[in-house]
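Enquirer: Mind looking over this structure? Questions follow.
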Amino acid sequence: MCCGGRCCVSMTQCFFDYSTSKVLVIRSKSVGTLNRFCQAVVLAYIIGYVCVLKKGYQDTDTVISSVTTKVKGIALTNTSDLGLRIWDVADYVIPPQVASRREEAKVQARVLCPLGPSSTNPGPGSTCTSGRDCKRGFHDSRQNGVQTGRCIQFSVTEKTCEVLAWCPLEKGNDPPDPPLLAEAMNFTVLIKNSIRYPKFNFNKRNILPHVNSSYLSQCVFNRTTDPDCPIFRLGDIASEAGEDFQTMAVHGGVMGVQILWDCNLDMPESWCMPTYTFRRLDNKDPDNNVAPGYNIRFAKYYKNGGKESRNLVKGYGIRFEIMVFGKAGKFNIVPTLLNIGAGLALLGLVCRAFWILKLYD
């Protein structure tokens, strides 16, 4: 119990008191050496790892990015079915992939025709002996049309169910090797990449300020001679990924282009540069070669004698997946104080541990 002003005076004195911990000096060479060594390790961790390597004095932001591509190149072919033909961008670019080989079917129309055999068109009703084996109105996503319920001759030795479809049906032939557009390895792709770090209001493009139209019209990316050029030769992309372009072009594939923007915004803006790496993304396991590579089908429609017809094109090619990663850092007093405080607390913990160790020795 306290009475009147005496209690208030006592509480005021306690509030304004300041106490210090007792200092204990331990005179031991072994303990002192170990103590200084541990302090040096903690300081090296704080200065070397936290501050220098991990840049603990910086605030960070992740990249926001947009990418567009443009392929250029011309190829000349001379085949028995197409004759002498020149291929330009409109013929082989199906965004975002480049066709290295095309199989163009005969003119197709919506008529009745026999379904292909089970080897190329799996599913019920692909082969039959009579109409009882065919189901009227049946259709399967793996087949090419809707069954009419009739069993008709497909070849001299085989009968299949009749279907209403785009006929003649596509045949599952083995791809030709070498690919039709073998010159595609010399095609080039322009990659235009814009990035933004919104926290720091920082924007930049991979077409750098010193790159002009004249340079862009003739440069090709080379890590030694032209590292700033955003135009890449397809053969070089495959080579850097450890792939042979001509082998990959037969069945097609998926190629990853990785662009890394790691920027220290405490340094000049010109130091913030993109780094490119390339790798193949699709599976090429020789022991698991079912449905290898990459292909796409598309059609060109037109009127033929009043009937709607189309040319079906099956293209094998290289699909580009462009992935942008990045992190930017800039000095900020808040993370700096937090990391320094954490480091001093760790240093104090080491000192306290040695004091307790000697106390109980």
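Each residue, glycine too, has its Cβ placed from N, Cα and C.
Below are the features I grabbed from TrEMBL:
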BINDING   LYS70, VAL71, LYS72, THR188, ASN295, ILE296, ARG297, LYS314  ATP binding site
DISULFID  CYS113-CYS167  disulfide bond
DISULFID  CYS128-CYS151  disulfide bond
DISULFID  CYS134-CYS161  disulfide bond
DISULFID  CYS219-CYS229  disulfide bond
DISULFID  CYS263-CYS272  disulfide bond
CARBOHYD  ASN186  N-linked glycosylation site
TRANSMEM  337-357  transmembrane segment
Enquirer: If you measure from the Cα of CYS151 (disulfide bond), which of the binding-site residues THR188, ASN295, ARG297 is the nearest?
Expert: ARG297
Enquirer: To the nearest Å, how far is the Cα of CYS113 (disulfide bond) from the Cα of LYS314 (ATP binding site)?
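Expert: About 20 Å separate the Cα atoms of these two residues.
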Enquirer: Check the Cα-Cα distances from ILE296 (ATP binding site) to the disulfide-bonded residues CYS134, CYS161, CYS219, CYS229, CYS263 and tell me which is shortest.
Expert: CYS161
Enquirer: For CYS263 (disulfide bond), what residues in its own chain, 6 or more apart in sequence, show a Cβ-Cβ distance under 8 Å?
Expert: TYR197, PHE202, TRP271, CYS272, GLY326, LYS327, ALA328, GLY329
Enquirer: What is the nearest of the recorded positions CYS167, ASN186, CYS219 to LYS72 (ATP binding site), using the Cα of each?
Expert: ASN186
Enquirer: For the recorded positions listed here, VAL71, CYS134, CYS272, which shows the highest count of neighbouring CB atoms within 10 A?
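Expert: Result of the Cβ crowding comparison: CYS134.
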Enquirer: What count of other C-beta atoms do you get within 10 angstroms of the C-beta of CYS161 (disulfide bond), across all chains shown?
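Expert: CYS161 (disulfide bond): 28 neighbouring Cβ atoms within 10 Å.
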Enquirer: If you count, for each of the recorded positions ASN186, THR188, ASN295, the other Cβ atoms lying within 10 Å of its Cβ, which residue has the minimum?
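Expert: Each of the recorded positions ASN186, THR188, ASN295 was scored; lowest Cβ tally within 10 Å is ASN186.
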Enquirer: Could you say which of the binding-site residues LYS70, LYS314 has its Cβ with the most other Cβ atoms inside 10 Å?
Expert: LYS314
Enquirer: Within 10 Å of each Cβ, count the other Cβ atoms, then let me know which of the recorded positions CYS113, CYS128, CYS151, CYS167, ILE296 comes out lowest.
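Expert: Among the recorded positions CYS113, CYS128, CYS151, CYS167, ILE296, the lowest count of other Cβ atoms within 10 Å belongs to ILE296.
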Enquirer: Whole-number Å distance between the CA of CYS167 (disulfide bond) and the CA of CYS128 (disulfide bond)?
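Expert: Answer for this pair: 19 Å between alpha carbons.
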